[in-house]
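Enquirer: Pasting a structure here, questions to come.
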Amino acid sequence: MSRLCHHGGRVLLLLLVAAACRGDPTGDTYDTAMCGAQASITCGGVIVRYPFYLSNATRALPNPKYANSSTFCGYPGLEIICGGGDKAVMMLGNDSYTVSRIDYASLTVSLADADVANGTCPIVSHNVTIPPPPSSLHLADTVGMLIFFFRCAFGPAANAPPKPPSIHPLTCGENSEDAPTQSFLLPASPLPPGDLWHRGCEAVYGVPVLGGSLPSDANDPAWRKDGYIASLRKGFQMSWDRSDRCSRCELTSGKCGYNQNGKFLGCLCANGLVDSDACSKISDSTLRLAGSSSKKKIIEGVVGGGLSAVFALGLIAIVFFVRKRKHKKVNSSSKLLKYSGSGGTPRSMGGDMESGSVKDLQTHLFSYEELEEATDSFNENRELGDGGFGTVYKGILRDGRVVAVKRLYNNSYRRVEQFVNEAAILSRLRHPNLVMFYGCTSSQSRELLLVYEFVANGTVADHLHGHRAQERALSWPLRLNIAVESAAALTYLHAIEPPIVHRDVKTTNILLDADFHVKVADFGLSRLFPLDVTHVSTAPQGTPGYVDPEYHQCYQLTDKSDVYSFGVVLVELISSKPAVDITRQRNEINLAGMAINRIQKSQLEELVDLELGYESDPATKKMMTMVAELAFRCLQQNGEMRPPIKEVLEGLKGVQDLCVMEKDGGKDKKGPDPPLSPDTVHAQWDSRQTTPNTSQ
């Protein structure tokens, strides 16, 4: 009976999904060989499949309205030329680039300029042409830039500008006929003024290369001689975006059809029909999932019986209930991590949210050997720090990407569970202020490893009170922007479905990129938050000084726990003090307790970092006071009295608007009213009600 229920439920579910996603048939047909012939081919060692397409796989649709129009299965701009099968080539504008790899998990394609493949001193003679819309191709985040200056005349000659110190002459082939007259510039160097390029050089070209292939020293003679050639030949990466218009088509096993002008023609279905935006029928291969013996009877029963929607939903609920009971809590690390290409959202599969089992995790799998090579066998000189149950190493992948690799301390059940949870969460998050997750090793690997984007500028903690504090790089406007972007990341986490509570918000988990933009990291303590509950009971975890006192005492996890921790972060930003410092007086070891005491007594000058301009600039003093008041509200003992993170974000944006307005001389006042003062929030606290004043 359960087997029949399982089969019937699966087919019924497929029918309902198809009905929800069905499109309108256009009545047109197409040659199915156009899509089938290129399901997956290898060209020059590169696997080519949808959404890429071969230049010789285009066909003309028989409908007269498509006359003189070649149609292809794939996305605009992703055409591959397979010349004799020994080389895969893409055209960007009028220039050809050799394709060395297509990564369908990270949506990147690795390219190299065909003009630099040969010769002892290759000369770059053009810029890269980024395809215009509807193509979604763009330079990947892994790309750095080399700028080449050709046939330059600097020095004492008439009207010749002096040579900028930031550009370095190339010495490759300087004693041979093929010596290029050019100079190059690393991306970290300041660009010379634009007029120098035109007055001193005949041509200037910007060339993308892999960021990891660039040297740290622009003055390295070996680099100027021929080292740059290796960077050019390694090429660069471009990314493509998934087509929103094609999402429904692809969900129904169709493939998007476009013409050579980039016009969307319809959803090309396996049965040879062209539908408007989704295939209106379930394919035979999909139905076979339910078992061929019962397929006909079940479909006839569904159609002939005229089952109502209520009955259908009830049957689906029963099927899901039966299936759910089959999923038990697993006890071995080898069964903790499950991967599937189905693209499903990873969810916690047991009644207990701590179970850590993950289903349908869609992410790129790295081999242990690849990551061991990338980190130089986990060399201690590559260590970036510890956190989230693992040590983090800097690594360079074979494709040139610079990454951060988190290595599990040991394979205990608890630690594997932690990593499973982190991988599941990271694989579904997309926000500019969240660290990007590239993938991990499989559950069968000798070690579990997670791979993230490398964020080069350290943590906020490093700059506030760590080894980079002496640089004084974080001015007040930068700190305010860090607060805004961090709050934006948390607002995103709390707003998605199901909501996510970070549970370990702290300044060491807020990374900064080269432009001091925020990347919130380390989701090892995160939990998916069910929509039908307001809190989750779980063992207290987190970092001393940041843990919500209500959570620590009552084991109640809510989104307001993150708000409390973020309140501590705000205090760190205005004070440059660490969250816990045992050298402070006993009742001020925890920064939260110290902040509440000083704010209540209107003694902010004893809390804030005076070097930020608190005493010298009235506008800065006003803004820092407003942020302190927001922090006070976040740090309230009663979680229900704390504002939601979205409200905190709006308050911070209001302070930021004030910062802009003060710079403009007070013109065009805009933004929300300033936050309430501590005295108007609720009755003043006694300091004993705050976070315990001892180191946890």
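Glycine too: its Cβ is placed from the backbone N, Cα and C atoms.
From TrEMBL, here are the annotated features:
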type	residues	note
BINDING	Lys406	ATP binding site
COMPBIAS	661-672	compositional bias 'Basic and acidic residues'
COMPBIAS	686-696	compositional bias 'Polar residues'
DOMAIN	378-655	domain 'Protein kinase'
REGION	661-696	region 'Disordered'
SIGNAL	1-23	signal peptide
TRANSMEM	302-322	transmembrane segment
Enquirer: Let me check the 10 A CB neighbour count of Lys406 (ATP binding site). How many other CB atoms are there?
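Expert: If we count other Cβ atoms within 10 Å of Lys406 (ATP binding site), we arrive at 24.
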Enquirer: Kindly state the mean pLDDT of the domain 'Protein kinase' (378-655) in the predicted structure.
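Expert: Summing pLDDT over the domain 'Protein kinase' (378-655) and dividing by its length gives 86.
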Enquirer: Reduce the DSSP letter at Lys406 (ATP binding site) to three states and note it down.
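Expert: In the DSSP reduction, Lys406 (ATP binding site) maps to strand.
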